Each structure stands twice: as C-alpha cells, then as structure tokens.
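K.L.:
Before anything else, here's the structure in question.
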Amino acid sequence: MSASIPALVYFSSKSGNTHRFIQRLGLPALRLSAEMDQLPFPQSPYVLICPTYADGEGRGAVPKQVIRFLNDPERREGILGVIGAGNRNFGATYGLAGRIIAQKCNVPLLYTFELAGTDTDIARVRAGLEKLGRHPCSTAA
Amino acid sequence: MKDMTETKIPRAINWNRLDDEKDLEVWNRLTVNFWLPEKVPLSNDIPSWATLTDHEKQLTIRVFTGLTLLDTIQNAVGAPSLMPDAITPHEEAVLTNIAFMEAVHARSYSSIFSTLCSTKEIDEAFRWSEENPHLQAKAKAILDTYAPGNDPLKRKIASVFLESFLFYSGFYLPMYWSSRAKLTNTADLIRLIIRDEAVHGYYIGYKFQRGYEKLSEAEQQEMKDYAFGLMFELYGIENQYTEELYDELGLTEDVKVFLHYNANKALQNLGFEALFPPEVSEVNPAILAALSPDSENHDFFSGSGSSYVIGKAVATEDEDWDF
Ligand SMILES: Cc1cc2nc3c(=O)[nH]c(=O)nc-3n(C[C@H](O)[C@H](O)[C@H](O)COP(=O)(O)O)c2cc1C
Ligand SMILES: [Fe+2]
Ligand SMILES: [Fe+2]
C-alpha cells in the first residue's frame, strides 16, 4: 500500500524534534535544514511537515529555508497539504507555521502536533496519509 | 607552575561570530518576549476573585507560592549554576537572560497577591510553602543536582525537569480557572510565564543534547537512566503534592493526566522518548484550549473540526515570501 502514500518533505533544526517524529513515522522523507545550500527536489506530490519558530507576534514563524523552498514555483507545485508542529505552551502562535503555509499555498492544514509527537499523533498521521494516498481529490475542499 | 588563583579574563563576546546559531535564535526570542507584570491589568480580576470560596482562594495562593519557590530557585541557583558549563560565550549571555526572567516571574506572583489578597492570607501561604514537605522535597531533589561539582549534563536534566515538568502541577490551576472564565487576567500573565518556560526548557534541553551526543554509548545509557530515575523520583513527589492540593476540589485525576503529558514533553526536550502512554496523557481539552487560545487544533485527517478553517490571519506577510 505504501506506494500510494504521498511523499514527505520536512524541516527540522538541530533540536531534532521533527526529525524524531519522522523517524518514528517510518516513511521516506526529504529533510530541509538551515545549513543546506542545495534544496532537495521532490519527485512526486508531497505533504510538508513544518515546525514553528515565531517571535512573540507571530513573525518569522515559517523557517527561512522552508520559505526559500516554497518560493520556487516548481517545488511549490507538488504540495498537497501541510502538517504543523510546535509547542502549545507558545499560546496563540501554537503551530502557526502550519496555518501560514496552508493559507499561503492554499492547501489544507492536515494536522498539528507538539514537539516530537505522541504515539497517537504518529498513528493518526500515518492513517491520514494512507487515506490521502487513496483519495487524493477529497482534500481539495 | 602558574598560580592557581590567576584571574581568568573572559573574551569579549562577539555576536557576529557564532559557534551555534541557536544561541542567537533563542536570544532573539527571549528578548522580544520580555514583559513585566505591570503590563497585565490584574486588578480586573478583583470581582472574579470575590466569587471564589475561601478554600479556592487559599488553594490558589498556595499554588502560587509553590510556583514562586521554583522561580526563585531557578533565578538564584538554577540558571547561574549552568553558566560555568556554558560551551559558548553566547550561551552564558542567554543564561543571564533566563536568570533575570525567573526573577520577573517570581516577582509577578507577588503582584497577583498584592492585587487580590490580604497580607494575612499572603503570609499564611508563604509559611505553608516553607513547611510543606512535598514542596520542600522537590526543591531539595533539584538543588542537590545543581550543587557545585556535579555533572554538567545532570544539572541540565534537573533544570529541564524544573522548567518543563515541575511547574505544571501549579500552572494547571490558573488554566482551570480560565477555562471557567475566572481570573482571566491572571491567566494571561501565567501564559506569559508558560511561554518563557517553554523557551527555557527547549534551550537547556537542546544544550543537553549537544553534550549527550559526545558521550560514549555506555555513558549515554548511564545518563539516560539517571534522567528517567530522577523523573520517577520527582513524579512520586508531584503525585503526593497534587493529591494534597487538589483532592478537595476533585481535580486530582485531571491534574495527574496533565503531569504525565508534561513529563513526556520534558523528556522530549532532552531528546528522549515519552514515558507515559497516550491513555493516561490525553489532557482535558478545556485545559489545552486555555493553554493556547485562538489556535484551535486541526485534525483534517480524522475529519474532526469543520474543514481547514484558517485561523485569524496572523503575520503571513513575512517579507521573504515571493508569492
Ligand atoms: C525560538 C523559538 C521560537 C518558537 N516559537 C514557537 C511558536 O511560536 N509556536 C510553536 O508552536 N512553537 C514554537 N517553538 C517550538 C518549536 O516549534 C518546537 O520545539 C519544534 O518541535 C522544533 O522542531 P525541530 O526540533 O524539528 O526544529 C519555538 C521554538 C524556538 C526555539
Ligand atoms: Fe520561571
Ligand atoms: Fe524558566
């Protein structure tokens, strides 16, 4: 079945929470990091997973490297949806990067989780991605 | 032989040469977060305070003196004790910011007290905090780890547990009041503290991970066992503290779930896996909503929540976007 699961692209900084989430999810995924010069190019439609790095007002919530990635129309074209990450203790800006990307790219915000995610988050995201693979159109709300 | 007491002069700090980009990232977040309790109109809570029963008032003041003690420890001992272990000069600078904000936190509880309570009530609660065995036990467990000569990474473990776990038996109460539309200005102030603690726990946990990755496999195992052992010890104390405080209001079970959830997050800040399974860590949605108002949880996958409603349009106009 995994052939129908959409590809994954994710950002994770050196604190590595999102990376640990992806490892536990156990699905192939392309990583974006602040240190890289050459951005990866996804070969098929993908879901983007992105943590939040806002200041107190919500500015800068989406990491610069993710903005650079999405600024390229060819890379942006394949985005199916976004999953936001963060920490609820940041209050009103919890998971803000996911909301901003959804709005900017006009794709659904599929899910939001905290830090490296719980086992429940992993199960829900895996099931959701499988469903998305089977009925790709149903997300075009 | 050089004189052992030779004065060591630090190198002037150059923020244009960073050894670790995280130092500047976190410094920036902490400085824009800066706030003082005067910013929050606490006196608007006076009518709401009057609706609480005497027992609820006493509980609230006691919980806040417990939080004051933790902030005092982190201000006077915790953050300063991490400074000699700092790897970069920028890390030391970030720690001084953390230490100062802990003093602001401790000070802001007194602002709440002077706005809402009588001197007699305040004095009673501080006396309680000095005598409460559970509160004293958790303070002691942390302070023992902070002691000079102790392992720098163990100090960071204790610090992350204080920042990301021990506060939460106390933070529960203002979030609970806020979910019932009580003491909402006080809750606004507490949310500012919670946001600061999130950055503190993140940063100290991040520095822990940088040290941990340099250890041998055997040393890593020993360190991890230490972390889980300390978590168990603190969790045992927190359970008793929670029962003593919250039994009368019937909230103990709800608070314990909140403890599990936060213990898991504290361990994740250290780069470790969660300890408590999801069944006992699913926090009351009203409390989650109180923690992050206006950031409704989206679960498009399982179909809960209407559709992908995008929240209030906040700051989407970052200049880096080309579209
Ligand atoms: C400087 C800074 C700012 C942050 N701001 C937010 C925020 O506004 N909202 C949020 O939900 N999380 C925020 N976070 C938390 C991170 O999104 C969270 O720790 C995430 O798991 C980091 O992912 P990574 O370790 O894969 O880079 C912030 C973290 C840092 C260090
Ligand atoms: Fe604090
Ligand atoms: Fe703190």
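Yeah, the Cβs are placed from backbone N, Cα and C, and that goes for glycine too.
TrEMBL lists these features:
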type: ACT_SITE; residues: B:Tyr109; note: active site
type: BINDING; residues: B:Asp71, B:Glu102, B:His105; note: Fe cation 1 binding site
type: BINDING; residues: B:Glu102, B:Glu163, B:Glu197, B:His200; note: Fe cation 2 binding site
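Walk me through the surroundings of each of these features.
P.N.:
According to DSSP, B:Tyr109 (active site) sits within a helical segment. Using a 10 Å radius centred on the Cβ of B:Tyr109 (active site) and all shown protein chains, the other Cβ atoms total 26.
In this structure, B:Glu102 (Fe cation 1 binding site) is part of a helix by DSSP. Take the CB of B:Glu102 (Fe cation 1 binding site) and look out to 10 A: across all protein chains shown you find 26 other CB atoms.
Around the Cβ of B:Glu163 (Fe cation 2 binding site), the same chain contributes B:Gln74, B:Glu197, B:His200, B:Gly201, B:Ile204, B:Ala266, each under 8 angstroms and 6 or more positions distant in sequence. In three-state terms derived from DSSP, B:Glu163 (Fe cation 2 binding site) belongs to a helical segment.
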K.L.:
Across all chains shown, how many C-beta atoms besides its own are within 10 angstroms of the C-beta of B:Asp71 (Fe cation 1 binding site)?
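P.N.:
Taking every protein chain into account, the count is 23.
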K.L.:
Under 6 Å from ligand 3 by Cβ, which recorded positions from B:Asp71, B:His105, B:Tyr109, B:Glu197, B:His200?
P.N.:
B:Glu197, B:His200
K.L.:
What subset of the binding-site residues B:His105, B:Glu163, B:Glu197 has a Cβ positioned less than 8 Å from a Cβ of chain A?
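P.N.:
In terms of proximity to chain A, the binding-site residues that count are B:Glu197, given in sequence order.
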K.L.:
How many Å separate the Cα atoms of B:Tyr109 (active site) and B:Asp71 (Fe cation 1 binding site)?
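P.N.:
Rounded to the nearest whole number, the Cα-Cα distance is 10 Å.
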K.L.:
Counting other Cβ atoms within 10 Å, pick out the least crowded of the binding-site residues B:His105, B:His200.
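P.N.:
Lowest Cβ count within 10 Å among the binding-site residues (B:His105, B:His200) is B:His105.
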K.L.:
Compute the centroid of the Cβ atoms of B:Glu102, B:Glu163, B:Glu197, B:His200, then list the same-chain residues not in that set whose Cβ lies within 8 Å of it, in sequence order, for the Fe cation 2 site.
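P.N.:
Going along the sequence, the neighbours come out as B:Asp71, B:Gln74, B:Ile98, B:Met101, B:His105, B:Leu162, B:Phe167, B:Asp196, B:Val199, B:Gly201.
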